[in-house]
Amino acid sequence: MTVAVLDKYHLGISAIVVVAMQLLFFTIAVTFQYDKVADFAGGISFILVAVLTYGLAQTHDNRQFMVTLFVCIWGARLSSYLFYRIIKIGRDATFPDRRSNMIRFAVFWTFQAIWVLVVSLPIIVINAPHNSIKAGAPKTMTTLDTVGCCVFIFGFIIETFADLQKYAFRSEETNKGKWCDDGLWSMSRHPNYFGEIVLWWGVFIVSLNVIEGPEYIVVISPIFTTFIILFLSGIPHLERVSDHRFRNNAHYQLYKRSTSPLIPIPPSLYIEVPGFIKMLCCCELPLYNWMKAHPSDPPEAAPAPKSS
């Protein structure tokens with residue numbers, strides 16, 4: 001016997017839990033002026049949604065268990081890594097302005113709740129009782145399960161290795177004030193984001209086993225992840241910060257020209273690709289280019305660091 005709480009997908013109760021989590025951590029952050037809990041709250045919320053929908057369904061088939069486990073491992077690794085990193089580094093540079101402006105700070109936490117719910121849609125739908133193997137869904141491991149798992153694992157490995165390589169690079173005192181160009185970062189300016197995009201497309205591929213009709217709305221999960229990273233708070237912000245800081249450094253100029261913004265590509269190959277092909281196939285978008293001085297540049301962008 002399955003338990004239906006608010007709706008057959010358990011989307012309503014998931015939304016309540018996510019909003020409650022963000023409200024709790026928002027209160028902690030505001031009360032103690034402590035913004036280090038933001039990334040931790042996001043990752044934990046993904047885990048809660050996955051475990052909650054899996055538990056309420058009580059169908060517990062192999063596909064549901066597999067995807068729930070995937071999301072839990074991803075959420076635990078990412079949230080613990082980001083939390084540990086910010087504890088070691090100190091204040092998160094994305095928060096000082098928001099903390100001094102309550103409305104903007106609240107908007108951030110609201111957006112995080114929306115992000116968690118939208119990106120979690122495939123796992124919510126996969127864990128719905130009517131999409132279990134017992135209810136007639138294809139048995140695992142189908143071709144879609146195999147492909148989706150391989151895509152997820154590939155993305156997870158890329159994201160994990162990229163984070164570890166960047167952390168190791170920044171832990172070296174001699175690399176202080178430099179940009180990371182080691183390992184995967186020598187082939188992509190943002191390999192961690194590439195991994196995150198890939199792994200959520202993997203979860204969506206697995207969901208193709210069971211979704212039908214209106215349930216295809218879950219494709220918004222990987223699309224939303226890709227859009228946010230490519231156009232909003234992901235790559236554009238970091239590219240602008242790096243360009244402001246290193247634009248007068250000849251080594252950085254070469255790194256920028258020869259390194260793909262997202263998809264890992266050998267620099268010797270990428271630098272030879274025509275500009276319009278880079279834009280169409282490699283996501284080298286104009287909004288990533290802040291190499292020239294701009295009236296909106298912050299004051300700290302003026303000095304030209306000499307480190308590479």
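Glycine is no exception: its Cβ is also placed from the backbone N, Cα and C atoms.
Predicted automatically and left uncurated, TrEMBL annotations should be read as such.
Database features (TrEMBL):
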TRANSMEM  12-30  transmembrane segment
TRANSMEM  37-57  transmembrane segment
TRANSMEM  63-84  transmembrane segment
TRANSMEM  105-128  transmembrane segment
TRANSMEM  140-162  transmembrane segment
TRANSMEM  193-211  transmembrane segment
TRANSMEM  217-238  transmembrane segment
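As a quick check, the transmembrane segment (105-128) and the transmembrane segment (140-162) miss the bar of 3 or more Cβ pairs under 8 A, pairs 6 or more apart, so the two do not touch. Note on the transmembrane segment (193-211): residues 63, 66-67, 70-71, 74, 119, 122-123, 125-126, 131, 137-138, 142, 144-145, 147-160, 162, 218-219, 221-222, 225-226, 229, 234-235, 262-264 of its chain, located 6 or more positions outside it, place their CB under 8 angstroms from a CB of the stretch.
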